[in-house]
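Student: Structure in structure tokens, see below.
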Amino acid sequence: MQDPVEVEELQRFVSNSKRLFVMTGAGISTESGIPDYRSEGVGLYARTDRRPVQHAEFVRSASARQRYWARNFVGWPQFSSHQPNQAHLVLRDWEKLGKLHWLVTQNVDALHTKAGSRRMTELHGCTHRVFCLACGDQILRSELQEHFEALNPTWKAEAFGVAPDGDVFLTDEQVRSFQVPACRKCGGILKPDVTFFGDTVSQEKVSFVHQRLAESDSMLVAGSSMQVYSGYRFALAAREKQLPIAVLNIGPTRTHLRKGRTPRGSCEIQCTRRGQQASHVSASPVPCIETISTYQETE
């Protein structure tokens, strides 16, 4: 069981929060069946030497785009079928109750949207949308899947493992004949509406999120190692404002709580390992949330 003292500490933190700013990472979606990158032993980086596509590589290389979209095409039916878990639903309920002021997610899986969250920013975008790099036209990823099928009626490939961003592992031989459609409006390059590694989040979006943070009275980080600076910057800002901060994560977390002065009311909890059941955290009038077991690793 999780340390009851830590559970009580987190419960007190949520109870005392009136305008909670929440940041979620890949760890919140593992119970929905989506693997993460950094979990020790089971994350993508621990299991394979594969790395996500880089922004510059995708933009400049037609073969890189062919490889990306072939893998994404195979993985899309399963990835798009994932459903929200209890953590997503509880955060939605906190929003309805007025407890959650704003939600920022580093995930691109649309599970918060599926759960019904509305006061939310998808910091790194969403794989369920696609846009043209030339004219900016947007289409749904599900619509693009139909275009892929029309261009590749006889193409088939067997997947070797699934990655956190929804694609699968294929050999170079498998992707060589895959056809990639261009933008139907201008013939430009189509790209998922996500921030690839090596790219940056727009300053407009960052400024908007900073404003929501300035309106909040506390910050909860759930399921994120905070290794990506686009998310870590908000923890730094919260520390500067001396906001109480709670961190729920498995393994090391890059946070302001490790060094320097800790804002009063903050807490940091390392979640239990896979296979261990955890207590519930409740904060009246906020419904229960399976805080620890929800963020367990999955295969």
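Using N, Cα and C of the backbone, Cβ positions are placed for all residues, glycine too.
Keep in mind that what you see is a predicted model, and the values were worked out from it rather than measured.
Quick paste from TrEMBL:
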DOMAIN    1-292  domain 'Deacetylase sirtuin-type'
ACT_SITE  His124  active site, proton acceptor
BINDING   Cys132, Cys135, Cys183, Cys186  Zn(2+) binding site
Student: Around the Zn(2+) site recorded as Cys132, Cys135, Cys183, Cys186, what other same-chain residues have a C-beta within 8 angstroms of the site's C-beta center?
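Tutor: Apart from the listed residues, the neighbours are Leu133, Ala134, Gly136, Asp137, Ala182, Arg184, Lys185, Gly187, Gly188, Leu190.
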Student: Given a 10 Å Cβ-Cβ cut-off, pick out the one of the binding-site residues Cys132, Cys186 that has the most other Cβ atoms nearby.
Tutor: Cys132
Student: Whose Cβ, among the binding-site residues Cys135, Cys183, has more other Cβ atoms within 10 Å than any of the rest?
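Tutor: Most Cβ neighbours within 10 Å: Cys183.
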Student: Give the number of CB atoms, excluding that of the residue listed as 'active site, proton acceptor' itself, located within 10 Å of its CB.
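Tutor: A count of 22.
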Student: Could you tell me the C-alpha distance between Cys135 (Zn(2+) binding site) and His124 (active site, proton acceptor) in angstrom, no decimals?
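Tutor: It is 20 Å, counting Cα to Cα.
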Student: Rounded to a whole angstrom, what is the C-alpha distance between Cys132 (Zn(2+) binding site) and His124 (active site, proton acceptor)?
Tutor: 17
